[in-house]
Every structure is written in C-alpha cells, then in structure tokens.
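Chemist: Just dropping this structure here.
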Amino acid sequence: MKLDAPFNLDPNVKVRTRFAPSPTGYLHVGGARTALYSWLYAKHNNGEFVLRIEDTDLERSTPEATAAIIEGMEWLNLPWEHGPYYQTKRFDRYNQVIDEMIEQGLAYRCYCTKEHLEELRHTQEQNKEKPRYDRHCLHDHNHSPDEPHVVRFKNPTEGSVVFDDAVRGRIEISNSELDDLIIRRTDGSPTYNFCVVVDDWDMGITHVVRGEDHINNTPRQINILKAIGAPIPTYAHVSMINGDDGQKLSKRHGAVSVMQYRDDGYLPEALINYLVRLGWGHGDQEIFSREEMINYFELDHVSKSASAFNTEKLQWLNQHYIRELPPEYVAKHLEWHYKDQSIDTSNGPALTDIVSMLAERCKTLKEMASSSRYFFEEFETFDEAAAKKHFKGNAAEALAKVKEKLTALSSWNLHSIHEAIEQTAAELEVGMGKVGMPLRVAVTGSGQSPSMDVTLVGIGRDRVLVRIQRAIDFIHAQNA
C-alpha cells in the first residue's frame, strides 16, 4: 500500500508531532495541555508540529468550534508548521485505502442488519461472553457491493499488541480482546479510528501525544498500521486533569475553556506555565520561560498520575507575569479587557502607565481594567462604605485645603502633589491619612488605589479638581 504525501514534508525531520482536536466545542485546558506537550516535544527535538482538525463527526462538528480551537492555539502562541488539515477534505484518500484493504483481504464488507447485531449481542450477554462481532460476513459472498453495508477491519485473532508508551511504559493487549472494527459506515464515511491511522501515516507523525482516554484506541490503530505496512509512531498517553475535589475537571470547577481564561484576565504565559507544570516538572522549578520549557521538556518526565487544577496557583503565576513581563506587552492584552468592559481609554493615561501602577495590586487583567475605570471615566457614586468611613469629621475642610494647594501648583508631578498633600496635613495638624483617604475616595470613588501622587498624576489636574469639589458638595449635602 502506498503512502500519500501531499504535505511537502521534510524527510530530514526526525520528530513530527500533532495536535488533533475534534471541533465539537471549545479548546479546553486538557486539550491545551496536550497540545503544549506535543508542541514542546517537537521543538525540543528540532522537529515539526502539525495541527489537524478531526471533523469526521459531521453532526457535532461546527465551523465555530474550529475557529475557537484555532483562536485558542494562536492566543497560547503554539504555532504549527503544517496545517490545519481537515479530515473531511480527505475522504477520498481514506476510501482509497479501505478499497485496497478489501482487495487484499485486510478488511471486508459486513451486511448484517441492526437487528441481527442486537440479537448477537443479547445472546453473548446471556452467555456471559464478551460482546463482539462473530464475523458472520467474513466469508459471505452472496451480497452485491451495492447493497447497504459497513466495512470492517479484519483484526488478528491471535497474539497481542505490545507498545512502549513514552509516559506509561509497556502496555500489552491481547488481540482476543479486540473486535473487527468498523472502518467505513453505511453512508460511505470512514470512521474516526481509521482516519487517524491514515493521517498519522501520510503526515509522517513520529510521536502521538494524547489523553489517556485514547489508550483503548491505540491497539486497534496499531493493528491497522501493521496491516497497511505503515510505520508505528511512539505513543504517549498523558493523564487526565481533575478539579481540586479529585473529580474530572468540568464547568462546575470554574472555567475550562482556554479563551475563558483569556476573558477572565489571564495572560497566555501564565496559563502555559501553569499547564506545563500540571503533570510535568524539572526539579523544584515553578516558573519557566518558553525557552526553558523547550530545553527541559521530556516525555519520560510526564507524570502517570492525574493532576489537580488549582486556580490559586494559576492566579499567583498570572500576577507574577503581570509584574515581570514588559508593560508594553501586558498593555496589549489589557487593551482587550477595556474594550470588553466598554471603557474608552482615549482620554487618560497610557496603558503602560496603568500596568506599572497596578501590577502589584491586581491578580488578573480583568480586575486591572475594572479597577482603573476612574482614570478614564467619571464614576456615578461614591462607594458607600468608603464614603461613610472617610467623609466625616473635618474631611470637607481637608479636601478644600488640599484642593486649594493643588490648584496653585505650577507643575503637576509626583513630587509637587506629594508636597501639597503633606503640607495640607501639616497645616491642619493631622496625619497624612486624614487628608489622603478622603482625597482617595473623592477622586476614585473608592477606598483603594495606588499611592495618591501616582493616582492624581494619572487622572489629571482638571478631573482631580472637579472631583474634589464634587466630594465637598456631597459631604455638605449629607450634613445639611
């Protein structure tokens, strides 16, 4: 049987991996980790990475899901050398191989009705036998190929399938446990397990990194590969990701979609760093640059045990990257969140300044955008608890005094603003907090912000003075 090689593959590449999601939903964190491990292994070995969309499930696959998967891969910055390839565009190739297999006696047409198969299964269950096809049609030549039928792979009946999993070690499955797998449906469409085999062959895949839920497919796929004379890739089945309660990760544990983490304010570097450590390690190191991941990653260091997703750890990593990455880079991601929250940033400080001001305070970019709205827009009301706590006593007098000094400043900068607040406190013979806290509530609407000099510079003189007067009027109205 001949290899179909339309992909312009470099024959000198020794390692070629793939990520092959089904477009029936978003890119979830488990799939993203599998893609990351596959990508890292290729990069570590100077190999190539293939993106393949396994869209043979015509009822459940959608263009929207495909777009979401590609968007997630691009956001995570996991570029591919080949693809995306779509299985639905390769049906002719799959059917060509199936027809050749029938000719060579490696597969056969099965005309059994649904009723016959159900009766067979019922009988086997009654006899406490393993449900499997009885090869009724293997030697039945009384039907025309034009009659409705499926095509089954003629699986070996003796011996075992043995493979050395790069994560789990040697795995052996007796062929007596395997059925004659359907490789083409009645409607003429090839099945998932068969398409995967032909694709891995044609695309020169040397290493298959995928979830442990695919282990049962592997012996079936290996037998087909052997039958058609194709090389057998190395398989690596990675463990599942659980929630912190030990149950399989699902929506009830929080976000599971990669793009939901983007929406929630996480940087791709944080999610990548978190996912790589979720089942793999290099000593006690927690924080890895992309280059370090590529240099250190090996499949035999991937854990066999399930990993527990810990959102607090992810938040810690996210805050680290918000602090440590260049403000210009973080600002590009922050800009998306301002747009998402309908905050117009055209009249206010540079976003790089926002990042510098709030990097130590915010765990997510979503929080950074929402908590800095006052730099760009007017707020409607003062935070009730903050106003009750700080708009009392001599707060109005302190605000009037500091407004007077701020108005008189010839230069609006950190030093001059700090001096104005300090002088106001000295003249009123009160602590800095008695001036600073009412001022903070007055100009931000809340009791939390960066230092007052930084905050006032960011808001701008005109807005600051208007807001202070608004707060004074509010206090007088409350006391009237």
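Just so you know, glycine gets a Cβ as well, placed from its N, Cα and C.
As annotated in Swiss-Prot:
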{"type": "BINDING", "residues": "Cys110, Cys112, Cys137, His139", "note": "Zn(2+) binding site"}
{"type": "BINDING", "residues": "Lys251", "note": "ATP binding site"}
{"type": "MOTIF", "residues": "21-31", "note": "motif ''HIGH' region'"}
{"type": "MOTIF", "residues": "248-252", "note": "motif ''KMSKS' region'"}
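I'd like to know what surrounds each of these features in this structure.
Modeler: Counting every protein chain shown, the Cβ of Cys110 (Zn(2+) binding site) has 21 other Cβ atoms within 10 Å. In three-state terms derived from DSSP, Cys110 (Zn(2+) binding site) belongs to an extended strand segment.
According to DSSP, the motif ''HIGH' region' (21-31) comprises 3 helix, 1 strand, 7 coil.
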Chemist: So which one is it: of the binding-site residues Cys112, Cys137, which has the fewest other Cβ atoms within 10 Å?
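Modeler: It is Cys112 that, of the binding-site residues Cys112, Cys137, has the fewest other Cβ atoms within 10 Å.
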Chemist: Near His139 (Zn(2+) binding site), which residues of its chain come within a Cβ-Cβ distance under 8 Å, counting only those 6 or more away in sequence?
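Modeler: In sequence order, no residue meets the Cβ cut-off.
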